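What Swiss-Prot says about this one:
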- CYS17-CYS48: disulfide bond (DISULFID)
- CYS27-CYS38: disulfide bond (DISULFID)
- CYS63-CYS97: disulfide bond (DISULFID)
- CYS73-CYS87: disulfide bond (DISULFID)
- 14-56: domain 'CHCH 1' (DOMAIN)
- 60-105: domain 'CHCH 2' (DOMAIN)
- 17-27: motif 'Cx9C motif 1' (MOTIF)
- 38-48: motif 'Cx9C motif 2' (MOTIF)
- 63-73: motif 'Cx9C motif 3' (MOTIF)
- 87-97: motif 'Cx9C motif 4' (MOTIF)
Amino acid sequence: MSDILDEIVIEDVVANCPQEFLQYHKCIRDNEENPGKCKDGRMILSTCIREKVPSVKSIMSECSEPMKKYDQCIRDNMGTRTINENCLGFLQDLRKCAELQVKNKNIKPSINGVNLELIKD
């Protein structure tokens, strides 16, 4: 389900924040040596995602506890290079919660209420 979760969220982002997504990724492509130049685009895309992407809004709302624990683990282990070892369990808990949100709410990428899966077929 992890790959499916990633695909659903990415499709949802592209569907609901297309300009922001394209502008940010174009900036990254054009500034491979210095991706820091794309900070503004990253912030604009992040804001759009938080405000307009249904799957992300649901995950952020319903999975705030595992998200906080994972974030705290990253902060606590940033200087020790042990993030993978110490935080993997928190990441797995967060992904399980996110998968449940997508699965239980039957979230599928859509634009203005039109299910994109219907368009693909």
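Yeah, the Cβs are placed from backbone N, Cα and C, and that goes for glycine too.
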DSSP-wise, what's the residue breakdown of the motif 'Cx9C motif 4' (87-97) into helix, strand and coil?
11 helix, 0 strand, 0 coil
Show which residues of the chain containing CYS27 (disulfide bond), separated from it by at least 6 in sequence, have their CB under 8 Å from its CB.
PRO35, LYS37, CYS38, GLY41
Fill in the CA-CA distance, CYS73 (disulfide bond) to CYS63 (disulfide bond), as an integer in Å.
16
Fewest neighbouring Cβ atoms within 10 Å: which of the disulfide-bonded residues CYS63, CYS97?
CYS97
Sort out the sequence-distant neighbours of CYS87 (disulfide bond) for me: same chain, 6+ apart, CB within less than 8 Å of its CB, listed by position.
TYR70, CYS73, ILE74, ASN77
Have a look around CYS38 (disulfide bond) and count the other CB atoms within 10 A of its CB, chains all included.
20
Per DSSP, how many helix, strand and coil residues does the domain 'CHCH 2' (60-105) have?
42 helix, 0 strand, 4 coil
